[in-house]
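As structure tokens, the structure follows; a few thoughts come after it.
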Amino acid sequence: MKTYEKAPAKINLMLDVLHKRPDGYHEVEMVMTMVDLADRLEMVELPRDTIIISSQVGYIPLDEKNLAFQAARLIKDRYDVKRGVHIHLDKKIPVAAGLAGGSSDAAATLRGLNRLWGLNIPMIELQELGAELGSDVPFCVTGGTALATGRGEVLHSICNPPQCWVVLAKPPINVSTQEVYTRLRSDQISKHPSAADMIAAIQSGSFQEVCEQLGNVLEDVTLKLHPEVQQLKEAMMRLGADGTLMSGSGPTVFGLVSKESKVPRIYNGLRGFCREVYAVRLLT
Ligand code: ATP
């Protein structure tokens with residue numbers, strides 16, 4: 001018995017941090033959607049009670065540190081499953097990029113094992129399991145477009161933004177999400193993007209308005225630490241993107257582009273100084 005799952009990358013169309021909570025997490029407001037850049041997971045049932053993770057890439061952990069491993073162990077423990085699984089991760093999403101690759105793999109594992117083992121766990125319960133693995137996992141379980149509040153796990157589904165091209169570029173630097181949040185002074189944020197205005201822009205179906213409402217308060221921190229991320233944003237705009245933003249805590253920058261004819265110039269221009277560039281569609 002085997003099954004396959006696609007684990008798409010997410011982007012934040014807006015990300016605001018309201019304040020730091022007594023439990024140490026930050027209270028956030030994010031509008032998230034998915035793009036057609038995805039890892040592919042193959043899950044093969046094993047007769048013995050074990051979890052094996054493999055991947056074609058050598059730079060992610062394949063042990064209990066892997067989020068797909070953690071998702072498989074959680075579902076096995078919670079539903080008392082005595083069977084095992086071999087999960088192969090065909091990684092396409094850049095790692096530690098602000099695109100929630102690991103979270104999406106975890107979510108795909110929950111969906112896939114629910115099917116493989118015939119557990120019939122309702123979506124809402126899969127999301128609750130996901131919240132135990134990471135703040136972005138519940139959103140990745142269902143995908144689509146959503147407003148996420150709380151620490152990111154409280155979801156309100158909204159309609160998809162108008163279809164467009166998304167050019168993603170990941171500079172060759174490592175950004176620690178934890179460091180970015182630690183450096184952020186939520187009481188000193190100069191301009192908070194508005195979730196309500198982004199949702200209104202999406203609901204109006206106006207691509208231009210969506211571009212105008214893009215905003216991410218974590219840019220203040222990451223762009224200061226890594227000026228090349230700012231340069232990448234400027235290059236994207238110069239090359240013709242209609243709007244740009246850093247996703248999550250970075251360092252990936254994405255540009256939204258309405259006209260397909262503009263995409264090759266932006267893609268090729270960025271490839272000149274950035275190795276990891278992708279041109280994909282929104283997953284609508
Ligand atoms: P987020 O936006 O949720 O912070 P990210 O996109 O910045 O996530 P990931 O690609 O999820 O980052 O990787 C973060 C870290 O998690 C990596 O350093 C990697 O070692 C570890 N990791 C664990 N499981 C996975 C996985 N299945 N795929 C990629 N990285 C994983």
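Every residue, even glycine, has its Cβ placed from backbone N, Cα and C.
Noted in TrEMBL for the protein shown:
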ACT_SITE  LYS10  active site
ACT_SITE  ASP136  active site
BINDING   PRO94, VAL95, ALA96, ALA97, GLY98, LEU99, ALA100, GLY101, GLY102, SER103, SER104  ATP binding site
DOMAIN    66-144  domain 'GHMP kinase N-terminal'
DOMAIN    198-274  domain 'GHMP kinase C-terminal'
Completion exercise
Within the same chain, the residues at least 6 apart in sequence whose Cβ is under 8 angstroms from that of GLY102 (ATP binding site) are ILE60, ASN66, LEU67, ALA68, VAL95, GLY134
Practice task
Could you tell me which of the recorded positions LYS10, PRO94, ALA96, GLY102, SER104 have their C-beta within a distance under 6 angstroms of some atom of ligand 1?
Solution key: ALA96, GLY102
Handout entry: Listed in sequence order, residues not in PRO94, VAL95, ALA96, ALA97, GLY98, LEU99, ALA100, GLY101, GLY102, SER103, SER104 with Cβ within 8 Å of the centre of the ATP site Cβ atoms
Key = ALA9, ILE93
Fill in the blank from the handout: By a three-class reduction of DSSP, GLY102 (ATP binding site) is assigned helix
Fill in the blank from the handout: LYS10 (active site) to ALA100 (ATP binding site), Cα to Cα, whole Å, comes out at 6
Problem - the domain 'GHMP kinase C-terminal' (198-274) - residue tally per DSSP class, helix then strand then coil - result: 46 helix, 11 strand, 20 coil
Completion exercise
Quick note, GLY98 (ATP binding site) and ASP136 (active site): C-alpha atoms separated, nearest Å, by 11
Completion exercise
Within 10 angstroms of the C-beta of LYS10 (active site), the count of other C-beta atoms across all shown chains comes to 28
Problem - Most crowded position, judged by CB atoms within 10 A, among PRO94, GLY98 as binding-site residues - result: GLY98
Practice task
Give the three-state DSSP assignment (helix, strand or coil) for LYS10 (active site).
Solution key: strand
Exercise for the section: Whole-number Å only: compute the distance from the Cα of PRO94 (ATP binding site) to the Cα of ASP136 (active site). Expected result: 16
